[in-house]
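Encoded as structure tokens, the structure appears first; notes follow it.
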């Protein structure tokens, strides 16, 4: 799921993705936006 958080590295997506899907969520930074994966 893409979320409305800008990023330059996946580390910036860590907290928003964990807030969304919990502590085992996965994250990537794609095209300047965070993408979160369900655990």
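Cβ atoms here come from the backbone N, Cα and C positions, even for glycine.
Noted in Swiss-Prot for the protein shown:
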DISULFID  7-29  disulfide bond
DISULFID  13-34  disulfide bond
DISULFID  17-36  disulfide bond
SITE      28  site 'Basic residue of the functional dyad'
SITE      37  site 'Aromatic residue of the functional dyad'
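Close to residue 29 (disulfide bond) in the fold, though at least 6 residues off in sequence, lie 7, 8, 9, 10, 12, 13, 35, each with a CB less than 8 Å from its CB. All protein chains shown were included, and the count of other CB atoms within 10 Å of the CB of residue 13 (disulfide bond) stands at 24. If you measure from the Cα atom of residue 36 (disulfide bond) to that of residue 28 (site 'Basic residue of the functional dyad'), you get 7 Å. If you take the Cα of residue 28 (site 'Basic residue of the functional dyad') and the Cα of residue 37 (site 'Aromatic residue of the functional dyad'), they are about 8 angstrom apart, rounded to a whole number.
Cα-Cα distance from residue 34 (disulfide bond) to residue 17 (disulfide bond): 8 Å (rounded to the nearest whole number).
Taking CA atoms as the reference points, residue 17 (disulfide bond) and residue 37 (site 'Aromatic residue of the functional dyad') are 8 Å apart. In terms of local Cβ density within 10 Å, 17 ranks first among the disulfide-bonded residues 7, 17. Of all Cβ atoms in the protein chains displayed, 14 besides its own lie within 10 Å of the Cβ of residue 28 (site 'Basic residue of the functional dyad'). Cβ neighbours of residue 37 (site 'Aromatic residue of the functional dyad') (same chain, under 8 Å, six or more residues apart in sequence): 1, 17, 21, 25, 26, 27, 28.
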